[in-house]
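Asker: Below you will find the structure I want to go over with you.
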């Protein structure tokens, strides 16, 4: 071993994907933006040793390090004298996980694993995405955010406050990774259906980016979660001694806007104009405004508006295969008129226009109910978004009355009002139409407009149901069993992000979210529809995300949105070459020898 080191040995890692600081196996297609062919992988020195390796979640393998690796990395003796495969480590984690009584405890186990061993964390998630998604994201992540101060273990992500204005570029330089391709940012004002959680909202960007990798295969080292802390108006948090954020009322107005402007500019200055920035859980007052302000200037989108719209429209398009008619034959009533409702409505209008329906006629098919009743022309204090969908109709106060008058084919709940779809509403829907569409999309489960069981029972199994949070299968008295579809945004944003990153897309038009919806709907088989599913099983989500990414990439090149040239001939192979794998890196010595005469020792 000593002789090997003396002949030019370097400690390296054998790579498995591109864009990593470690040496990995060459991908089937190059991951560089130029798309040029690369030669054989060259050794890259691994500079970390000892505790710096075992405490680095990107490098740590726990007891999966071989004896040779332990000796060369200076960690022999720092790990128990046992050698485990990743499969055995997975089994060990699963046994401990299954012994936990609460979902919050399970969440904590997974997050601490992510902090300790990133590869094993994603091996666990990808082993059963359907099982773990409700834990790492909705609905459990909402509970985790509410208890963030109590469960806080280790900082993850970048916390930028209103007091850091003027210095955001410096703060970004503190982040240990330079090759960031995706940022998820929130200001914590509207976390799921739970309201203002301030700094506790960091759990959302962390959870979203975990799904970027688990569902889409985006390299986690290229992802950055960000919390913009401008204060909180949640009095309970302001009184909480465990609260980890700024303890003052939210800063608004020009100072807030200046912070956002500086943040967007600093991110693109540091990581490039192609860096994807996903806005998450901003309040209605800011969500639309910031989307309209930045969408044509930066590579960004708002998941609550555009992601929710895409997954909801995907469910509706799949439902058309059950109702056996066209989108233009349907009338929609929304419970809620916030960012999610408006996003869905706008994308529905686009889909209707694609069917040949004029925009003015398409808008007439969409009725919205907010806290003050039906949105109608002439009603005071309507913002620009609501004015677009205001109907020429007398005022109506309740959702039940609107449903009776309009007789919609579909009702869509996105207002986080638990139980809003009453038995009377469901009975009316079932009496109006043979196959009524009922989407209870609010998160978390406690905020759902109705349960799957209630919908199927009241409509005698004729309701076409989808929800935002997961519900178990329902068996009716006649023996029929339905498996409700979950309209989870995770069907959308990982694939879109992967496609955007792959093509270096500068701006993300709404057409990308419509083609994503169409692709998701195509993934639903007739067997799934017969079971009540409007979405493909979550177990297939990585394959779905890959096909979405390829569609996005193809659209980008056809419409001159991509910035990487030349265009890859085999887009699927190219995207596959970028996908992160949770397989462990193999650390090895890069050994070689000089010619004997070159190594001869000179003597006096």
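Note: Cβ is positioned from N, Cα and C throughout, glycine not excepted.
OK, Swiss-Prot features for this one:
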type     : residues      : note
REGION   : 28-50         : region 'Disordered'
ACT_SITE : 137           : active site, proton donor
BINDING  : 190, 304, 443 : NADP(+) binding site
ACT_SITE : 208           : active site, proton acceptor
BINDING  : 280, 281, 304 : divalent metal cation binding site
SITE     : 304           : site 'Important for activity'
MOD_RES  : 371           : phosphoserine
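Could you give the neighbours, burial and distances for every feature on this list?
Answerer: DSSP classifies residue 137 (active site, proton donor) as coil under the three-state reduction.
There are 26 other Cβ atoms within 10 Å of the Cβ belonging to residue 304 (NADP(+) binding site). According to its DSSP assignment, residue 304 (NADP(+) binding site) is helical.
Non-local neighbourhood of residue 208 (active site, proton acceptor): 137, 184, 225, 278, 280, 303, 493, each in the same chain, at least six residues away, with C-beta under 8 Å from its C-beta.
Residue density at residue 371 (phosphoserine): 8 other Cβ atoms are found within 10 A of its Cβ, drawing on all protein chains shown.
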Asker: Have a look around residue 281 (divalent metal cation binding site) and count the other CB atoms within 10 A of its CB, chains all included.
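Answerer: There are 26 such Cβ atoms around residue 281 (divalent metal cation binding site).
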Asker: Including all protein chains displayed, how many Cβ atoms other than that of residue 443 (NADP(+) binding site) lie within 10 Å of its Cβ?
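Answerer: That number is 25.
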Asker: Residue 280 (divalent metal cation binding site) has how many other Cβ neighbours within 10 Å of its own Cβ?
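Answerer: Summing over all protein chains shown, residue 280 (divalent metal cation binding site) has 25 other Cβ atoms within 10 Å.
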Asker: On the Cα atoms of 190, 304, 443, which are listed as binding NADP(+), what is the maximum pairwise distance in Å?
Answerer: 12
Asker: Cβ within 8 Å of the divalent metal cation site's Cβ centroid: which residues qualify beyond 280, 281, 304?
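Answerer: Here the non-site neighbours turn out to be 186, 190, 191, 204, 279, 282, 287, 302, 303.
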Asker: Among all the protein chains here, how many other CB atoms are within 10 A of the CB of residue 137 (active site, proton donor)?
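Answerer: Taking every protein chain into account, the count is 28.
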Asker: For a quick check of packing: other C-beta atoms within 10 Å of the C-beta of residue 190 (NADP(+) binding site), how many?
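Answerer: Neighbour count, Cβ to Cβ under the 10 Å cut-off: 24.
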Asker: Please report the Cα separation of residue 371 (phosphoserine) and residue 304 (NADP(+) binding site) in Å, rounded to an integer.
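Answerer: For residue 371 (phosphoserine) versus residue 304 (NADP(+) binding site), the Cα atoms are 19 Å apart.
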